Every structure is written in C-alpha cells, then in structure tokens.
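Below you'll find the structure, written out as structure tokens, and then a few comments.
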Amino acid sequence: MAKLDLTKYGISGTTEIVYNPSYDELFAEETKPGLEGYEKGQVSELGAVNVMTGIYTGRSPKDKFIVMDENSKDTVWWTSEGYKNDNKPASKEAWDACKKLAVNELSNKRLFVVDAFCGANKDTRMAIRFIMEVAWQAHFVTNMFIKPTAEELENFEPDFVVYNASKAKVENYKELGLNSETAVVFNITSREQVILNTWYGGEMKKGMFSMMNYFLPLKGIASMHCSANTDMNGENTAIFFGLSGTGKTTLSTDPKRLLIGDDEHGWDDNGVFNFEGGCYAKVINLDKDSEPDIYNAIKRNALLENVTLDENGKIDFNDKSVTENTRVSYPIDHIEKIVRPVSAAPAAKNVIFLSADAFGVLPPVSILTPEQTEYYFLSGFTAKLAGTERGITEPTPTFSACFGQAFLELHPTKYAEELVKKMKVSGAKAYLVNTGWNGTGKRISIKDTRGIIDAILDGSIKTAPTKTIPYFNFEVPTELPGVDPKILDPRDTYADASQWEEKAKDLASRFQKNFVKYESNEAGKALVAAGPQL
Ligand SMILES: Nc1ncnc2c1ncn2[C@@H]1O[C@H](COP(=O)(O)OP(=O)(O)O)[C@@H](O)[C@H]1O
Ligand SMILES: C=C(OP(=O)(O)O)C(=O)O
Ligand SMILES: [Mn+2]
C-alpha cells in the first residue's frame, strides 16, 4: 500500500506493511514457522487457530487511563471519591511517553495495518486504523470489526488510530502516574488509543466500545453494552444487557431468531444497530449439544484465545488451568441465522437485563415497571465472573452501572436517559433475568433461562399468572411454558424460605447503599421508591 504513510504517526523505518490481509494470509502469518511465545498460533482440530496471551487473559481496568485535557476535562465521567470508576486521568506527559513507547516498539518493523469500521450505521460509524506487529492481533480485529468494501477502503480516512504495542512495557509508570507496566490509554482529542504490555484481544474491542460510548450519547443515540436479536421477519427486536459472562452471547445466539450482534449496540431513531462485525464468545465448558451454533462457529477463520490444546490440536474446553476466560472470536457470518447484509433492525420491543446473581436472591425473571427499569439499569447489579477482569477469581457481586460501568465514558444517568427515551417511543418492556445462582447453590440452567427468554419474546409471559416478591416488589410469573415452575419463586429453591429472607434483606440493603450516589438530584431521589424496601 503505497499510500499508507506511517511516519505521520511517528512510526519510522517500516520495512513492509501487510494491509487488510485476507483470512488466508492471516492464517499463513500466524502459523508461520519461527514465531515464538504469544505470537505463535496453533491450529486446532476444528480448524480455528489458538493463541495464548500470557498473564493478561482478561481486561485490565486498573490500567485504563484517559488523557485529561481541555476537551475531555468537562465531558468525561472521571473517577471521584463520591463515585469511583475506571476513568482515571492521565497527564499529557504520560500520554506522550506511552505513545512514544508504542511508536518505538512499532518502528523498524514489518507491520500489520487493518482499517475497519466500528458501527453499522454509516452516519455514526467510526473508521478505525489498527497498527500492530502481531499477525493474530490483525486477525482478531478483522474478526471483530466491520470490514470495509473495496470501494470504502479506497477512500478510508481513519477517525481513530489504535497502536497495539503489547510487547512494550511502561517501566517508569510510577513517575508517569500510571498503575503498572501495562497501560491502555485513550486520547479523545487526538482520537488515539495505545495498548502496552497486554495481549488480551478483548482490550482492542472494548476500547473502541468505550469510545462509541463517549461519542454517541452526545449525539442523542443510546450506546449499550448489550446483545441483540430479532425475529425471522426482522420486526420483533430484543436487546440483552449484561456484564461479562451473564449470557449476552449465549442467549442472543438463538436458532429461532436472527442475530444482530452479541455485545455492543447503538439505538437511534431508525432502530438498533451493531457496532461490531463479529462475536467474542466464552468457550469455557463449551458443549456441542447445548450450544451448537457457537460450537459450529469455531472453524477456520475463527480465533481461539487461551484454550488448552494438546500437541495434535485436540481441544479441551473444560480446562481452566490458564483462565476461565477462554474465548473465541469469529466473524458474525459464522452464525447462520443473522440479520443481513447490515447488522441492524427496528427499535427494540423487549429489553432484558441479565444479572448473574451470586447471592441466589433474584428471581429467574421479574417483570419490571418503568421506574424499576431505570432503577435496576442504573444499579447494574450482577456478579463479576472469574477471569474476564484481572484479579477476579470467583463470582464477585458488584454494581456495574448500566451493566457495563467499565466502558462508560459519560455519567451513567446519560445512558439511562437515552435508553428510557428510546424505550418510550417504541413502547418497550423490560425484564430482569437472573442467569446466576439460586438456593440450590447451582447456576440456573441454560435450558430454563432459554425457556424464560422464549416466554418474554413470544409474549406468553404477559398472560402468565404472577405474584409479588417481597422487599424487591418484583412481579414474577408463577408458571411459564418449558420452565421448571419450582424455580420461579426463588424462595422455593431454599430448604427453608427464611434463608432466602436473610440474604434478600442483605442484598436489598446493598442496593440501597449503592444507590445513594444517584440521590443528589431530584430525578435520582424519585427512583428510590422503585428500589428494594426494608
Ligand atoms: N442460565 C444461564 N444463562 C446463560 N449463560 C449461562 C447460564 N448458565 C451458565 N451459563 C454460562 O455462562 C456463560 C455466559 O457467557 P456469555 O454468553 O459469553 O456472556 P457474555 O456474552 O454476557 O459475556 C457461558 O459460558 C454459558 O455457558
Ligand atoms: C470481552 C469482554 O466482554 P464480554 O464478556 O461482555 O463479551 C470483556 O469484558 O473483556
Ligand atoms: Mn459476550
């Protein structure tokens, strides 16, 4: 690519640029003899290549920073004593140092450059240029982002540039006010991201998600950490919010429906649209029979991360010895039932909040009032599951605003406002679905959860008999087709209902404590009544 000049980014001495490589080129590059360490891919029995990412097998939110400057100072939702979050400010000096480390690492090398889009909507998509030295990282972004047509590539002008220098370390991080030798730094003004010392693929996709979360709500578009699908006619759209591991990917991949996307979406006046061109599924304990579509997506061109293979490429999906956050990325067309050609569909009619409750208190499904919808969206209660974030080794209860706090760049109320506006126009209803634990000590089965989702999407939940659950005032159905009726009231899953009572009171008070941070204004105060009462 003669027209590609990387010196404008400070990258010099480039010996060759492999530009938007095809899948065949990527396969050859990532398996070529002589690759060492985390650069090396191994072909698995399913045809997909597997790579290992070292100690970073999940995102590293503690190492996430945003440059604080004139532009970002008053717009970004910075971490504060009153409301701690992952948006830590970096100085201009720290940015310059990190950028320099990245361009030094990437100078005098043979590089991969991938130009791709984030956002299926042409008016609001971001054109992104990824620059890296590692072939499989080029494969990852090729899978996960939207591929430009040949014509679009002709005139491709990036809105955002990502430098992946995973081999470089920030040695003087203390001096720079950073957290460790690893840094994931965003500069909203120059529209750049630098990745240092982590190889986890997810850092690249969730980085751009964070940027969409900054730019879109400012244009009046809802930007959401959710999966989305629609019915076979492309009419009855549903979105599934949830923190990592709560079931967005699993539950939106449904053979009865068309997939829009598994993780990041916008909702504008035309409807719901995907930001991505691929999916990133967890594969721990993946079972061919219970999740056939995801299993079948693991073939040539898919890319496995941190999965255990023997020397012959035989896969052991049950092995957690490296991480529980084993993954596969694949282009969305590895799933048969998808919306084509553009991953978009009309406004959502059903909004589902997935929460993996580690306490075993929440009912498997609750029908929410509009006020409860706002309250539970802002609260974002769930458990962080082992592995997706560094340092999390067991299900850890958390309140993650909007079910994706780590990716919010504006105040959570901004996302709630945009969602509520869109829901009002479409007349959408919201449900809180617990995909976590109950009194049995086991996780609610995928089969029961799928039954619940089916009942929401085919409308049968609307005619089901219901009762009210104390403390939370949740309206829950007492029977649903295809769902074990003994689990619908969580109290029935305990040997003694008083065990539930005790845990429920504890959880209710955690909700109340967490919500205090929203009570500094009238709108927040007004929502308290919709939350748990003791
Ligand atoms: N009831 C359930 N609903 C959804 N997923 C479940 C359930 N029980 C166990 N799981 C497992 O939890 C994980 C959900 O992960 P995934 O769908 O990738 O979540 P996300 O896309 O939200 O990060 C999968 O490994 C799935 O097999
Ligand atoms: C990729 C991630 O998210 P999810 O599990 O929601 O797909 C992540 O959090 O790193
Ligand atoms: Mn997912």
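The backbone N, Cα and C atoms fix where each Cβ goes, and this holds for glycine too.
In sequence order, Y200, G202, E203, K206, T388, E389, R390, A406 make up the list of same-chain residues 6 or more apart from R59 (substrate binding site) whose Cβ falls under 8 Å from its Cβ. As annotated by TrEMBL, substrate binding site applies to R59, Y200, K206, R327.
DSSP gives K206 (substrate binding site) a helix state. Marked as Mn(2+) binding site by TrEMBL: K206, H225, D263.
Positions annotated as ATP binding site by TrEMBL: K206, H225, 242-250, E291, R327, 443-444, T449. Under the three-state DSSP scheme, R327 (substrate binding site) falls in the strand class.
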Cβ contacts of T250 (ATP binding site) (under 8 Å, same chain, 6 or more positions away): A281, E291, I294, I446
Cα-nearest neighbour of D263 (Mn(2+) binding site) within the listed binding-site residues, G242, T246, R327, I444: G242
S244 (ATP binding site): tally of other CB atoms within 10 A of its CB: 27
Those binding-site residues in Y200, S244, I444 whose CB falls under 6 A of ligand 1, listed in sequence order: S244, I444
Within 10 angstroms of H225 (Mn(2+) binding site), Cα basis - binding-site residues out of G242, T246, I444: G242
Residue among the binding-site residues K206, K248, R327 whose Cβ has the most other Cβ atoms within 10 Å: K248
